[in-house]
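What follows is a set of notes on a single structure, which appears directly below.
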Amino acid sequence: MSYLLDPSRKTITIPKLQAMRDAGEKIAMLTAYDSSFAALLDYCGVEMILVGDSLGNVMQGQQTTLPVTLEQMAYHTECAARGNQTALLLTDLPFGTYPTPEAAFASAVTLMKAGAQMVKLEGGDWLAPIVKFLVERSIPVCAHIGLTPQSVHALGGFKVQGKTDAGAAQLRRDALALQAAGAQVVLMEAVPAALAGEITQSLAVPTIGIGAGADCSGQVLVLQDMLNIYPGRKAKFVRNFMDGQPSIEAAVRAYVAAVKDGSFPAAEHTFSA
């Protein structure tokens, strides 16, 4: 199938995302790992497409994202980039590929040459020098804080972050430090909704939430989760958008609409402190 985009749809750039955030217009983001789904998401009006290392879970059947390699991320980025026309395409730097600023830059260059327009890194304020190094060298960055799946063993499992006073204070420091280092987007995962809303208000850049409440600038889900086709455990923050829909396209459009009108995430998809 060939998707004919609305000719009025403009290419989504970092300044466009910032303008959406400033205007209070919600940003819809989903994952895609191949050309066909990237084309469909773009056609349905998704502003950001993430080639996530979650492909380790939903494409490879891994229990964690840790086994995913840079070469695999580059391959899937190339595939998704061929299908995407206007959405902003970002790609995860996989586990172990950004221990130093220089290593992070080399890894990011590989992904940018494969078609990524931004890279995503997981971590806290300790990442600031790496983010600064990348941004100074024209690599756009999305900083991922809160529950960082690459740290699953260090965190003791997939647990909500920022529930204690100390944990909340650390997330506030993380967000501000990463913004100051130059991150153009901050993604928060599994963070109490009130805290995520507070952090969003404290930042000048857009925030994207996954299990972080409705007050973030936008939302993201793993495509296979929101289509209810992943056989693993369903996280609390996931909603089945295929329910009652006649097609995958309709489900994706329902997701975009729900993000835009603020009906997703609802209270049952969020966490409290």
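Even glycines carry a Cβ here, placed using N, Cα and C.
Binding of 3-methyl-2-oxobutanoate is annotated in Swiss-Prot for D53, S54, K120; the matching candidate from D22, D34, D92 at the same site is D92. Each residue contributes its Cα atom, and for D92 (Mg(2+) binding site) and K120 (3-methyl-2-oxobutanoate binding site) these two points are 5 Å apart. Rounded to a whole number, the C-alpha distance linking D53 (Mg(2+) binding site) with K120 (3-methyl-2-oxobutanoate binding site) is 10 angstrom. Binding of 3-methyl-2-oxobutanoate is attributed in the record to D53, S54, D92, K120, and the widest Cα separation among these residues amounts to 12 Å.
S54 (3-methyl-2-oxobutanoate binding site) sits 13 Å from E122 (Mg(2+) binding site), counting Cα to Cα.
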